[in-house]
């Protein structure tokens with residue numbers, strides 16, 4: 001079984017890509033909707049939540065963990081790998097960084113994400129290690145998550161706010177833009193329109209799903225331990241509205257199962 | 001000591017009013033920033049958090065509890081009163097309802113708030129009990145909290161979104177508008193501008209602070225147990241940005257003290 005977690009339901013854009021690229025294996029998703037959002041919380045808090053979420057998915061039988069949350073990917077990976085050294089982890093930051101490196105010609109790359117993701121400076125560090133000539137220009141875009149979760153996908157307010165967030169990046173002459181949050185692929189067309197044709201977008205959901213697919217093909221010893229087929233979605237809090245949001249991200253109707261934080265932590 | 005809690009820092013607008021109207025008593029505030037927002041979470045989850053927050057403030061010495069959070073005021077009061085029967089509780093819903101009843105002439109009242117507050121229908125029930133002729137028109141305004149927390153208090157996007165939320169209420173001919181979230185007083189001027197002069201605003205922070213002041217004067221047996229002076233602010237998560245938000249709500253610089261959920265629950 002492939003375990004996937006996110007602070008909320010945005011990580012379902014990763015599940016959607018996994019269902020396309022990693023066909024035939026069981027996926028269990030945990031959306032931490034009782035403690036969402038992670039993007040405004042401190043790195044210590046986010047790391048503790050990430051460890052609890054991982055432990056829950058492992059107890060359910062996960063053999064691979066996909067951290068489908070940029071905030072957790074930016075802050076929690078060292079502790080996760082140290083706490084669960086035998087588990088293959090995939091996160092959403094490195095694959096986007098590598099894809100952007102392959103795409104850019106001007107070596108000027110843009111990034112939008114939550115405040116915590118941008119302020120973690122994880123992309124800055126990764127680019128500096130890989131290619132010191134890369135110039136990364138970041139802009140926190142904290143209103144996009146609430147706008148998307150409201151379903152305001154095409155409203156004029158959303159269009160204006162996207163434009164506003166992109167202006168300082170475009171002024172720097174970027175030719176590649178990393179969507180640094182799993183919510184953003186939902187408004188990819190709008191972001192592309194406001195960014196202009198000259199700028200190539202990097203969609204983290206597509207990149208991480210490709211990496212997981214490659215890993216499984218290259219590791220038959222893991223492949224044989226994965227259960228086949230099925231998708232289960234757990235959330236730590238459930239309201240009527242979450243069903244609609246999940247459907248928006250996954251592109252189809254889906255059942256959400258509630259597991260409280262207490263049940264999850266003591267599972 | 002007067003204990004005040006909210007899901008985040010918005011309840012500091014209530015503290016600001018308490019400092020004006022209830023001079024001379026110690027106030028301890030708990031902002032549950034690790035689990036914020038409550039406005040998108042289920043009533044059961046919000047109620048459990050409210051009980052934990054209250055217990056923490058009581059252990060710190062609170063003799064009066066102010067629930068400075070509309071979502072908790074809308075959903076958690078029956079359980080809070082049952083769990084702590086000896087404690088005087090103040091919440092932000094009833095005082096606004098009573099003020100609106102005194103203000104309205106057309107008997108058409110508007111309400112904006114988070115999705116959970118509006119969907120709880122607590123205002124509808126309260127008005128139906130007090131005056132069945134009152135027509136309450138509600139519109140969830142979920143983007144206002146993130147816009148305010150971003151400090152986008154006067155940006156054109158915020159102005160447009162406020163206008164959009166108010167249009168359906170104005171079309172109904174309301175003459176009174178309840179600000180059903182402790183964040184909203186921060187943009188009261190903008191809301192008044194978009195509502196128009198004909199509509200009177202009800203600010204929950206002012207109303208609850210007046211009620212607490214009256215209660216203390218009328219209950220000398222409680223008054224004598226209150227410690228004097230001082231303001232302490234605890235938060236369950238702390239980032240550099242929270243200091244700025246707290247200053248915006250309180251109108252002055254303030255020190256935030258971190259207490260983790262574990263420390264708080266096991267205090």
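Cβ coordinates come from backbone N, Cα and C, glycine included.
TrEMBL annotations: computationally assigned, not manually curated.
According to TrEMBL, the feature substrate binding site maps to B:6, B:7, B:38, B:39, B:182, B:183. What TrEMBL records for B:69, B:181 is active site, proton donor/acceptor.
Listed in chain order, the residues near the substrate site other than B:6, B:7, B:38, B:39, B:182, B:183 are B:8, B:10, B:11, B:36, B:37, B:68, B:69, B:70, B:71, B:72, B:114, B:145, B:181, each with its Cβ within 8 Å of the site Cβ centroid.
For the recorded positions B:7, B:38, B:69, a Cα to Cα distance of within 10 angstroms from residue B:181 (active site, proton donor/acceptor) holds for B:69. The Cβ of residue B:7 (substrate binding site) has B:31, B:32, B:35, B:36, B:37, B:38, B:39, B:49, B:69, B:71, B:72 as same-chain neighbours under 8 Å, each 6 or more residues away in sequence.
In this record, substrate is bound by B:6, B:7, B:38, B:39, B:182, B:183; the longest C-alpha to C-alpha distance in that set is 13 Å. Take the recorded positions B:39, B:69, B:182: by the count of other Cβ atoms within 10 Å of each Cβ, the lowest one is B:39. Around residue B:183 (substrate binding site), the C-beta neighbours below 8 angstroms that are at least 6 residues distant in the chain are B:10, B:13, B:144, B:145, B:148, B:149, B:249.
Close to residue B:6 (substrate binding site) in the fold, though at least 6 residues off in sequence, lie B:12, B:14, B:29, B:30, B:31, B:32, B:68, B:69, B:72, B:182, each with a CB less than 8 Å from its CB.
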